[in-house]
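Beneath this line is the structure, given in structure tokens, with notes to follow.
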């Protein structure tokens, strides 16, 4: 039996794969419910995710309802001259509505491609063959829960507090109306985040097994051990380790190729989300300055509560970028460690069969040259944070200079 009566694999799922299986089922159900996944699952045939016209029709209905409510609201605000782009919360909401609308359309267009790609990922077979530490799984799940559930809850709390101050007679559930576009716009981003966490855990398990192979080969070539091992035993052992290395090379290729293909599907959503957060951080920083400037220069009362709400949205945007950068940089480091481990193998007295496997694995690593580049525009590694902060500082400086020039004309 699978989770909720659903099973995504023909083969039995063991150990840590059961947790991943349960989370994946929940994710697919939510994607389908929100109209972001127009495929149905089947165990018949080779393709597990099949494009469904009925689910596509449902996705089109969800998109139409979303646009009729939220896009229409933006249009009304524009016609009534109520578009307040100086308000960080409203600007954040407008940007998320735009990103969510684009996500709806792009996912409908790419649904068939996404289903075909997901059908070719041997996820549970790979998980069953590798040993992943329980501590790594717990850490990954906690990190994902913070991003997927923790951030929306903090935003909801901030929206409730803001509504109690500005509209005390309104029900708190009205804040869910504002929160929904923020969840939808970040949903695909969160899917990519979760996929990269799983890929990182698998890559770490591959490196652990590779390290064991390296230790065994180097140990066999010590002079004291070479004297005790027969030639037949050494040949047999090297052949076994060569088979192990070939299997790890296949898993390494799966990690790099499939994560790159998934990145290609999510590239537009990730870029739009990053732009949304970049603008949100910039406006948030400027609003903090503007509130202080109005108090110090203009002599107005400082709105501490408004500054606090603004700080919450600013911080969440910054953390969203930081976590995405962290997990991307983490998997890059883990993948590079694979190549470093191969270089530690002593091949001086190794069997030719094992040497061939090492050279083939090394050639594969050099050929793939794994990088995370959404739409080929920029690399997602630790340098992205410094680039974002530099951009925010530059944009904010321009806005501050413009404001000061208006104040002291």
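Cβ from N, Cα, C; glycine included.
As the structure is a computational prediction, the values presented were derived from the model and not from experiment.
Per TrEMBL, the features are:
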{"type": "TRANSMEM", "residues": "20-43", "note": "transmembrane segment"}
{"type": "TRANSMEM", "residues": "55-71", "note": "transmembrane segment"}
{"type": "TRANSMEM", "residues": "91-110", "note": "transmembrane segment"}
{"type": "TRANSMEM", "residues": "141-159", "note": "transmembrane segment"}
{"type": "TRANSMEM", "residues": "179-199", "note": "transmembrane segment"}
{"type": "TRANSMEM", "residues": "262-285", "note": "transmembrane segment"}
{"type": "TRANSMEM", "residues": "305-327", "note": "transmembrane segment"}
{"type": "TRANSMEM", "residues": "382-400", "note": "transmembrane segment"}
Hey, does the transmembrane segment (141-159) touch the transmembrane segment (262-285), meaning at least 3 C-beta pairs closer than 8 angstroms, sequence gap 6 or more?
no
Please determine whether the transmembrane segment (91-110) and the transmembrane segment (141-159) are in contact (criterion: at least three Cβ-Cβ distances under 8 Å, sequence separation 6 or more).
no
What parts of the chain pack near the transmembrane segment (382-400), using Cβ distances under 8 Å and only residues at least 6 beyond its ends?
274, 278, 281-282, 285-286, 289, 321-322, 325-326, 328-329
State the residues, same chain only, that lie 6 or more residues beyond the ends of the transmembrane segment (179-199) and have a CB under 8 A from a CB inside it; answer 'none' if no residue qualifies.
20, 23, 27, 30-31, 34, 36, 66, 70, 92-93, 95-97, 99-100, 103-104, 107, 123, 140, 143-144, 147-148, 151-152, 155-156, 159, 255, 258-259, 262-263, 266, 269-270, 272-273, 276, 320, 323-324, 327-328, 331
